[in-house]
Structures are given as structure tokens and as C-alpha cells.
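Chemist: Among the features that TrEMBL reports, transmembrane segment is placed at B:12-33, B:73-96, B:108-131, B:143-162, B:183-205, B:243-262. Per TrEMBL, domain 'ABC transmembrane type-1' is recorded for B:72-262.
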Amino acid sequence: MKKKILTAFLSFVFITGLLLAGCSSNSTGENTTSNENDTENANEEQVTINLGYYSGGKSDEKMQELINRFMEQHPNIKVTTQSSPYGQFFQKLDTQIAADEAPDVWLSDGVLVMKYAERGAIKDLTEWINRDLNKEDYYGLESNQDTDGKYWGVPQGIQIGALYYNKDLFDKAGVEYPSEDWTWEDLKEAAAKLTIDASDKKPSEEGFNSENIKQFGLTFFSITEGWFSVLKSYGGGILDESLNNSIINSEENKQAFEWMVDGMSKGIITDPADLNSFQSPMAVFPSGSAAMRIGIYARVLAANEAGLNYDVTVLPKGPDGERFSPVITNSWVINESTSDKKAEAAWEWVKYWSTEDEVQKEWAELGEAVPVKKSVAQSDTFLNSTDKPENKQAFLESFDFAGGLDTNAVWSEWVAKFNEHARRAFLEEQPIEEALENADKDVQKILTDFYNE
Amino acid sequence: MNKRKFFTAKKIGYIILTISALIMVMPFVTALFNSLKTYAEFTAVPPKWIPEVFQWSNYPEVFKLGNFLDYTFNSFIVTGLSVLGAVISCSMVGYAFARLTFPFKNALFVMVLGTMMIPPIVVIIPHFMIFQQMNLLDTLVPLWLLECLAQPFGIFLMRQTFLSIPKDYEESSKLDGCNPFQTYWRIYLPMVKPSLATVAIFTFMTKWNEILAPSIYLTSNEKFTLPIGILSLGGQWFGNEQYMVAAALMSLVPILIVFLFAERYFVQNFSSSGIK
């Protein structure tokens with residue numbers, strides 16, 4: 001009797017396996033790229049492309065809607081999709097690229113485009129961009145350009161840094177709102193007046209405890225929304241123009257670090273240890289625990305959701321009047337190993353996304369990114385939407401002094417290494433000179449290991 | 001006097017137990033309250049423990065944001081088949097290593113143990129390619145099939161258990177006319193139920209919470225398992241954390257139910273042993 005049960009179970013397992021496998025081969029046909037039977041149906045001309053993107057809660061629905069509309073307009077192109085949560089998407093993508101199973105066209109985080117480009121995973125789009133896009137019409141196209149001038153992706157949405165400030169906290173402290181003429185020193189001065197410790201004392205008062213802060217003047221976090229724009233506006237930086245050499249160990253960087261470390265030791269700016277007591281480093285500003293932050297455009301989502309009374313302005317100037325605003329352009333990239341026919345269909349999708357005003361407008365309404373098309377970014381849809389912040393113009397003004405994050409094939413690696421050393425300086429575990437020297441050595445090693453092989 | 005002392009000791013015992021119970025329960029209570037907050041309350045510093053207005057709507061909102069019924073169903077299929085597969089395959093292989101004689105038995109066993117040292121991330125690309133060849137990507141099969149092929153930890157555990165049972169059983173069953181399979185199935189297997197339960201619990205927990213494999217193999221939303229479904233509530237820029245907490249709490253309910261029912265069964269089995 002028991003033997004029968006076992007036999008029955010085993011057969012069940014195998015039959016279910018076979019059944020699921022059977023069902024799946026139908027659905028994989030729809031969902032993956034390698035299926036060669038795309039043209040098996042009546043319509044000989046039809047091309048099926050697989051599109052990969054990372055899903056983001058509410059934006060999923062809009063993406064599907066835009067894809068459906070694209071298919072209506074292009075009856076010969078069928079789009080199948082695959083999506084994953086943000087973090088998992090890129091983990092999977094690496095596996096898929098290794099197995100030659102990656103989507104025909106995918107949405108890449110702006111900072112990762114060069115990683116794929118320099119490893120030969122995505123197509124050079126220079127020719128098509130020159131042919132079909134009027135470069136003057138777009139923001140951020142150049143951020144996907146390598147040092148040889150080749151384009152590797154087309155922007156899907158733009159993130160650009162600005163200075164966020166909490167109006168209520170400024171009003172309460174009687175401090176004037178940040179102006180466009182501020183230098184980083186001005187910012188620190190104002191930030192000092194906006195810093196409050198646990199016993200409600202300000203830095204200027206006696207008995208102020210910089211170790212136990214209730215409200216910070218400025219919150220500060222990692223590269224994009226932290227040290228990068230400060231270094232740049234002080235005239236420093238991380239990599240030279242070739243993006244193959246470190247320029248970390250410089251006098252300018254030292255000055256910038258002195259500004260940051262001084263602010264952190266006084267409790268005005270959040271140091272890496274302070275950030276640990278929050279839900280996430282991104283939550284400090286929305287929770288009203290900091291009067292200012294360096295933030296990319298997408299941070300309006302959390303600030304609005306938290307119901308903050310805030311606005312934005314351009315980032316402050318360095319001591320010599322230089323300014324810098326970091327840009328990340330999430331971009332559409334096309335798989336290098338996909339067939340020509342599919343690549344062309346994928347290009348149609350990219351073109352549809354960037355040239356159609358309607359698409360740009362509807363995506364802009366989600367409030368996740370600055371539209372790539374200038375005409376839409378400068379229209380009422382973006383600038384005068386009812387949502388805060390009021391001064392959205394500041395994001396557009398920032399394009400005048402915007403720049404990339406020195407993204408190259410080993411970006412994630414060198415950023416992690418630099419953060420490690422910067423952290424030691426920020427927490428005053430190591431003198432600034434020493435931290436910069438070590439960071440320089442380690443970052444250079446990462447670059448040499450990759451580029452000289 | 002002695003009696004009084006005893007009661008004081010008991011009281012202190014209860015107080016300690018109550019305090020530790022409260023400590024254990026705290027994270028759950030915090031999560032429950034967090035799931036009922038608005039985003040502003042969720043990020044507030046200092047944290048507000050109890051939300052001003054309970055946002056019960058967070059729970060239906062989760063269902064609007066993702067196909068949670070699908071995710072739960074998928075998770076059940078994956079975990080259910082994995083547990084059944086693991087229990088049967090591990091006990092069979094473990095029995096073979098413990099009781100049967102065949103060439104290179106010990107060398108093979110060492111090899112099995114050796115595979116425990118390989119981190120899962122290393123084999124993910126070869127696995128991915130194998131399942132790609134089998135046309136099984138974006139299905140649930142890769143998630144449970146491997147468990148049906150006996151995993152090393154389970155094999156090891158079952159082998160040790162079978163070894164601890166006296167050989168006399170095997171001999172007497174042989175005398176009574178059992179073949180090796182019958183000896184395994186009728187005599188030995190009922191005696192190792194506690195170990196089977198351990199394998200089952202381990203497999204259940206790993207599979208229910210697994211993130212890496214589903215995120216690699218699954219591409220369409222309707223095939224997602226619960227952990228991936230929960231993660232996909234957050235975007236690149238904005239977390240929707242209060243919804244994620246609500247979803248995570250809901251994903252606990254099935255586990256709780258399984259444990260409530262299974263616990264009684266597991267405890268029963270520990271007391272029913274065949275040794276006289």
C-alpha cells in the first residue's frame with residue numbers, strides 16, 4: 001500500500017514537472033529572446049522583441065500602457081517584457097548576458113551603461129542617433145558617450161542634482177532660504193544655524209553636543225548625493241578625462257574634504273555613522289531631520305509623500321565660483337548579440353520613447369525623472385505641475401553645469417573603494433591626506449587591473 | 001518554607017520568561033504598527049511607535065500594486081514540491097550511503113559533502129545555462145527540481161540518522177523476506193520521522209524565503225514568488241516601505257499556519273521510537 005503511495009507520488013512529481021515544462025515552453029516563447037519561432041505565425045514580417053526593465057511599484061502600469069500603444073502603432077513589432085525589482089534586475093542581467101539570454105533592449109541604470117559598453121554587451125548606437133535624433137532636442141545624450149565619442153544608449157529619464165531645503169525648518173530658525181549665489185561656505189554657515197542637538201542647543205551655544213544631534217543642517221550621502229559635487233566644485237575630482245587614471249590625491253580634493261570633515265565633526269552635516277540611525281540614508285530629509293540635502297530629482301517622490309513643505313535651488317558654488325551638478329541618465333540600451341532585424345525593431349521602441357511628446361509627457365507625470373526631451377521638460381507639464389517643488393526650473397538650470405559621475409566599466413568597484421576611504425576620513429579615523437593617498441592608490445589599482453589587461 | 005521558596009523561584013522564572021517573550025515579540029509588533037503607518041509616520045524621527053490613524057488601507061493597496069494571490073500560489077507550489085522532493089530524495093540517498101554496499105561509497109560521500117562548500121552563487125550561471133537548454137527559464141521548475149535531486153545537507157543528516165539505528169532491524173527484516181527497498185520504506189523510514197521533519201522544515205524555510213534563484217530564473221510578473229513580489233513593490237528611487245512591511249507580514253501568515261499544524265505532528269514523532 002505504502003509502496004503504491006510512493007509510486008503515485010513519484011509519478012506525480014515527474015508528470016507535474018513535464019506538464020509545467022510543457023506549459024512553460026509556450027510561455028517562454030513569448031517571454032524570452034532566444035526563441036527562433038518568432039515568425040511562425042501568419043504574419044511573416046512580424047518581429048518579436050523582448051524588453052527588460054526594472055519594475056518600480058506604480059510605474060509598472062504606465063510602462064505596460066506605453067508598450068501597448070507602441071504595438072498598436074507598430075503592428076509588425078511584438079513586444080514581450082520582463083521585469084524584476086531594481087536590485088535583482090541587474091544581478092539577473094549579468095547571468096543572462098553570460099548565457100546569451102539577455103533582453104533585446106533593456107533599461108539600464110545610467111551609471112552602468114559603460115560597464116556593458118566596455119564589455120561588449122551592448123550595441124554602438126552612434127550611427128542611428130546621428131541619423132534619427134536631433135541632438136539639440138535632448139538632455140543627457142552626451143552622458144552615454146564614451147571617450148571616443150561613441151554613443152551607447154539613449155536616455156529614458158534624467159536625474160540631476162539640486163539643493164533641497166525644508167522651508168518650515170528655515171522659517172522656524174529665522175534663516176533666509178538658500179540663494180543661487182551661495183558658496184559651500186555660505187551653506188555651512190546657514191546649516192550651522194539650522195542644527196539642533198538633543199537638548200535643543202545650537203552649535204553657537206555653550207554645551208552643544210555634536211555627538212547627539214536631533215536636526216542636521218545638511219544631509220549627505222555617498223557619491224551622487226554627497227561628496228562628488230563638492231569635490232568637483234572645489235576643482236577636484238576622481239578620474240581624469242580618459243577615465244583610466246585617478247586624480248584623487250589633489251590639493252583641491254583636500255580642501256573639499258576639509259570642508260566636509262569640518263561640517264561633520266561639528267554635527268552640522270550627517271556623517272556615515274549618523275546615517276545608521278535612520279530607516280535609510282535617503283529617509284533623513286523626508287523625515288524632517290535635516291534642513292537641506294543634496295538630492296537628485298527622484299527625491300521629490302519621498303518628500304511629497306511625506307508631505308514636506310520644501311523647495312529646491314541649484315547647488316552651491318565652490319571657492320572659485322565653479323559649480324557642478326551630478327547627472328544620472330537611465331538609458332535604453334540594445335543588446336549587441338541580438339539579430340539586426342530585432343535590433344532595428346528595438347531602435348523603433350527607443351525612438352518612440354524619446355521622440356513622441358505624448359510618451360514623454362505621460363512618463364513625466366509619474367514624477368520619477370526629468371523628461372529627456374527638452375521641449376517637454378520646458379513645458380507646463382513638467383515645470384508647472386501642481387506637485388512640489390515649486391522651483392522645478394532649478395533642475396533645468398543645473399544642466400548648464402552638469403556632468404556625469406566619471407562612469408566607466410569599473411564604476412561600482414571604484415566607488416565602493418573610494419567610499420571606504422572617505423568614510424575613514426569622515427569619521428576622523430584617518431587624516432584627510434592619508435585617506436586620499438590610500439584612496440588614490442586603491443582606485444588606481446582597480447583601473448589599472450581592468451584597463452591594462 | 002520550602003514551598004514558598006519554590007513559588008518565588010517559579011515567579012522569577014515566569015518574569016524572566018515574560019520579559020524574553022516580550023523581547024521576541026517586539027519586532028513583530030513594531031512591524032505590525034509600521035505596516036499601518038503613512039509614509040511620513042514611517043520615516044519620522046524619533047520613531048512614532050503607534051500610528052495616529054491606523055492605515056488599514058495599506059493592505060488592500062498592496063494587492064493593487066502586485067498580484068499577491070499569484071505570488072502566494074507560486075510560493076506554495078515551489079515550497080510544497082521542494083519539501084516533498086527533498087524528504088524523499090534525501091532519505092533515499094542517505095539510506096543508500098548508510099546501509100547499502102556499493103563501490104566507491106565513501107569517496108562518493110566525501111564528494112557529496114564537498115559540494116556543501118561551494119557557494120550557491122558560483123553554480124548559478126551553469127545552472128542557468130542548463131535550464132536554458134531545457135527550455136525551463138521563466139518557469140517554476142528550476143526552483144524546485146534541484147531539491148528533488150537530494151541536496152548534500154539533507155543527505156548528510158539522513159545518513160547519520162540511519163547509521164544510528166541498529167543493524168539488527170535490517171537483518172530481521174531480511175529474515176522476514178523484505179527486499180532492500182522494503183526494508184528502507186517499511187522499517188527504517190518510520191523510525192526517522194524526526195529527521196525527516198528537520199529536512200522538511202529546513203527546505204520549507206529556505207524555499208519560502210529564497211530570493212536569488214527566483215530573481216534569476218523568473219522574468220514575468222505572474223510567475224514571481226512572494227519574496228520577489230514584495231521587493232518589486234519598491235522602485236529604484238522610492239521604497240514604498242510601509243507597503244513592503246504589510247506585504248512581508250502577510251507572507252508570514254501561511255508559514256504560521258503550517259507551523260501551527262506541523263508542530264504537534266513533529267513533537268508526536270519524537271516520542272514514538274521503535275527501540276525497546
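Placed from the backbone N, Cα and C atoms, the Cβ positions cover glycine too.
Source: prediction; values computed, not measured.
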Chemist: When only pairs 6 or more apart in sequence are counted, do the transmembrane segment (B:183-205) and the transmembrane segment (B:108-131) reach 3 or more Cβ pairs under 8 Å?
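Modeler: With fewer than 3 qualifying Cβ pairs, these stretches do not touch.
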Chemist: Against the transmembrane segment (B:243-262), which of these stretches has the most C-beta pairs under 8 Å: B:73-96, B:108-131, B:143-162?
Modeler: B:73-96
Chemist: Checking distant contacts: for the transmembrane segment (B:143-162), what same-chain residues at least six beyond its ends satisfy Cβ-Cβ under 8 A?
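Modeler: Tertiary neighbours of the transmembrane segment (B:143-162) are 77-79, 81-86, 88-95, 97-99, 109, 112-113, 115-116, 127, 136, 188, 192, 195-196, 198-199, 202-203, 207, 210, 213-214, 217, 225.
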Chemist: Could you pull out which residues elsewhere in the chain have a CB under 8 Å from any CB of the transmembrane segment (B:108-131), counting only those six or more residues past its ends?
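Modeler: Same-chain contacts beyond the flanks: 97, 137, 141-142, 146, 152-153, 155-156, 159, 212-213, 216-217.
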